[in-house]
Amino acid sequence: MSWIERILGRTSSSSSSSKSKVPEGVWTKCTSCEQVLYSEELKRNMHVCPKCNHHMRFDARTRLLSLLDQDSAQEIAAELEPQDVLKFKDLKKYKDRLTAAQKQTGEKDSFITMYGTLHNMPVVVASFNFEFMGGSMGSVVGAKFVRAAERALADNIPFICFSASGGARMQEALFSLMQMAKTSAILAKMREKGIPFISILTDPTLGGVSASLAMLGDINIAEPKALIGFAGPRVIEQTVREKLPEGFQRAEFLLEHGAIDMIVQRKDMRDTLARLCAKMTNKPTPFKTAELIVEEA
């Protein structure tokens with residue numbers, strides 16, 4: 001081997017070894033613009049692409065903890081865990097699907113509920129976790145939603161819920177469908193008592209969740225370009241045999257047609273929710289807005 005070959009060989013091997021040392025998960029690709037992004041930067045930006053502003057799916061627990069004031073979160077009904085009472089089996093046993101989802105996400109089910117403060121205002125918050133079986137709604141989701149709503153009723157404080165779900169959990173059959181009525185009933189009780197319920201629809205919000213609790217907010221908010229509807233656009237096109245309008249079932253389309261009240265960027269969500277909660281409970285805005293600063297000047 002010549003001295004040139006020895007040098008080139010050494011350089012090539014050291015280059016390949018350095019490449020192999022790059023750990024997994026350091027880089028990720030935007031699902032919209034396909035730009036390669038540094039994962040830590042994406043986390044700091046709350047999983048919103050800094051290049052195209054695409055709002056990616058967001059872990060439920062991280063979402064709630066970033067919404068609430070630091071160290072104020074107390075989980076509600078954390079002990080509840082789904083059971084395979086029907087011994088359901090499709091391509092896999094339901095209990096095996098649950099075990100796999102729990103291992104993947106570190107959560108017991110697809111729904112997390114918490115009590116805490118938002119800009120020092122007490123609130124109850126909840127979020128679906130789409131990574132857990134598509135954020136599907138089963139018996140535990142219904143039970144946790146009711147427990148959270150009951151806490152809001154008992155303390156006379158707002159209830160905020162983030163939806164990200166494919167709908168009812170088919171593995172629980174009628175038990176799953178019953179949760180649509182169960183969650184709607186407790187929200188009717190909240191409305192009677194004048195307790196605010198704010199619903200935030202994120203990508204995607206579909207099926208039985210969109211047909212029940214997700215669209216029953218006193219104020220319905222969506223994240224930009226969130227897919228919202230009952231059946232997905234492909235299913236509708238195959239059923240009606242017609243091409244759907246561009247952007248059909250996206251948040252902007254729904255806002256234009258009066259189905260939701262507003263679209264809010266993820267970075268603005270915390271302050272927007274705080275202002276709405278203060279307004280709906282007849283409390284002063286918990287922080288000074290630009291408008292207030294101008295008025296005082």
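Even glycines carry a Cβ here, placed using N, Cα and C.
Lifted from Swiss-Prot, the feature list:
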- CYS30, CYS33, CYS49, CYS52: Zn(2+) binding site (BINDING)
- 26-295: domain 'CoA carboxyltransferase N-terminal' (DOMAIN)
- 1-23: region 'Disordered' (REGION)
- 30-52: zinc finger (ZN_FING)
Lowest local Cβ density among CYS30, CYS49, CYS52, which the record lists as binding-site residues, within 10 Å: CYS52
Mean of pLDDT values spanning the domain 'CoA carboxyltransferase N-terminal' (26-295): 94
Cβ-based neighbourhood (8 Å from the centroid) of the Zn(2+) site, residues CYS30, CYS33, CYS49, CYS52 excluded: THR31, SER32, GLU34, GLN35, LEU37, PRO50, LYS51, ASN53, HIS54
Other CB atoms within 10 A, centred on CYS33 (Zn(2+) binding site): 12
